[in-house]
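Engineer: For 1-13, the entry in TrEMBL reads compositional bias 'Basic and acidic residues'. The region 'Disordered' annotation in TrEMBL covers 1-27. Residues or ranges marked as [4Fe-4S] cluster binding site in TrEMBL: C16, C30, C33, C39. Taken from TrEMBL, the feature ATP binding site covers G69, K70, G71, G72, V73, G74, K75, S76.
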Amino acid sequence: MENGNHDIPENANEHCPGPQSEEAGKADACAGCPNQQVCATAPKGPDPDMVTIAERMATIKHKILVLSGKGGVGKSTFSAQLSFALAEMDYQVGLLDIDICGPSIPKMLGLEGQDIHQSNLGWSPVYVESNLGVMSIGFMLPHPDEAVIWRGPRKNGLIKQFLKDVDWGELDYLVVDAPPGTSDEHISIVQFLQATGIDGAIIVTTPQQVSLIDVRKEISFCKKVGIRVLGVVENMSGMRQSISDFRFVKSNETGDDNDVTEWALSYIRSNAPELLSVIACSEVFDSSGGGAAKMCTEMGVPFLGKVPLDPHLCRAAEEGRSCFADKKCIASAPALRHVIQKLISSGQ
């Protein structure tokens, strides 16, 4: 509503006094409004928890959000590997998972089954290494298959509690892995952190237009709420794999596949052994529209680089390992390092 109060819900009545007003939920203009009861009972004035959050965040130098327009583009994999990389550079790193309904970070950091511990200083993160701590609702679920069926206010309350009660100590980087889209969780994390200073957001996408359409919305969201876009990463940018890692099949007339991998590799070893060190490349998604690089140019945001679809990176994420310590990740690890070095050199 165009009355200068950006906190007024979009579905509010005309002449809404605003949810922070003493007349909220009580004024004549509130009659019949779907938010009337919430506004009437909500606490008014400044949120006292914001002071506590500011004190917690004061010991953290850089705060980076990792966002995506769509699910399934590898955002959490990127968040996990970014955190591993920063920690391996001897930075003090925290990784906060605010994907309340789909917390995959514990698995990707090899921390499944771990519990949160409390001390007189607050909740203690679960540590991968002494300089890499993690916090996620995944540590609080009684079973990994347990569904989190929460409405917005409860999700927002947990995000606030993570920021208010987790004792991160002194950090160089806090990486925040957000769910896809622009929902309650995104609005909450921006609202709670903006006063303490957010360095900006990294947006992860795949090359095809169906993903880029939603990334444009994500960039628009960042601009509207005043969050700097640190850059866009094009993930799964073509598949890259060593010939020696391929599985070869031969289809018969019935459509069944016969595995001929041993025969094919034996033939290559005998007749063209140099091919075993060749990396095969294939376009998985249609990037004929220019991909993320073209979109970044059009929208005036930085392009951080491309990361190929690498089965060894997928395996490292499944097993909760750093791809940088895996000598088999010869396609993805250098690309990720390039992206991360570009990010750090930009001042983050």
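Cβ from N, Cα, C; glycine included.
Could you give the neighbours, burial and distances for every feature on this list?
Structural biologist: Counting every protein chain shown, the number of other Cβ atoms lying within 10 Å of the Cβ of C16 ([4Fe-4S] cluster binding site) is 23.
Around G69 (ATP binding site), the C-beta neighbours below 8 angstroms that are at least 6 residues distant in the chain are P180, G181, I203, T205, S211, L212, I213, D214, V215, R216, K217, E218.
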Engineer: Just how many other Cβ atoms lie inside 10 Å of the Cβ on S76 (ATP binding site)?
Structural biologist: 27
Engineer: Starting from the Cβ centroid of C16, C30, C33, C39, the recorded [4Fe-4S] cluster site, name every other residue in that chain with its Cβ within 8 Å, sequence order please.
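Structural biologist: Checked against the 8 Å cutoff, the neighbours are A12, N13, P17, P19, A24, G25, A27, A29, N35, Q36.
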Engineer: Rounded to a whole number, how many Å is the Cα of V73 (ATP binding site) away from the Cα of C39 ([4Fe-4S] cluster binding site)?
Structural biologist: 38
Engineer: Taking G72, G74 as the binding-site residues to compare, which has the smallest set of other Cβ atoms within 10 Å?
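Structural biologist: Checked G72, G74; of these binding-site residues, fewest Cβ neighbours within 10 Å: G72.
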Engineer: For the ATP site (G69, K70, G71, G72, V73, G74, K75, S76), what does the 8 A shell look like? I mean other same-chain residues with CB within 8 A of the CB centroid.
Structural biologist: S68, P180, V204, T205, T206, S211, N235
